[in-house]
Amino acid sequence: AIPCGESCVWIPCISAAIGCSCKNKVCYR
């Protein structure tokens with residue numbers, strides 16, 4: 001998995017728009 005440089009502790013991954021998803025409080029794709 002590639003980190004998207006975004007955390008998802010309080011809010012969902014905005015980078016989900018480019019295929020990222022939340023894993024262990026960090027957004028990965």
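Every residue gets a Cβ built from N, Cα and C, even glycine.
Per Swiss-Prot, the residue from Cys13, Cys20 that shares a disulphide bond with Cys4 is Cys20. Using CA atoms as reference points, the disulfide-bonded residues Cys13, Cys22, Cys27 were checked against Cys4 (disulfide bond), and the closest is Cys27.
According to its DSSP assignment, Cys4 (disulfide bond) is in a strand. Taking the Cβ of Cys13 (disulfide bond) as reference, residues of its chain lying under 8 Å away and at least six apart in sequence are, in sequence order, Cys4, Glu6, Cys20, Ser21, Cys22, Cys27. According to its DSSP assignment, Cys20 (disulfide bond) is coil.
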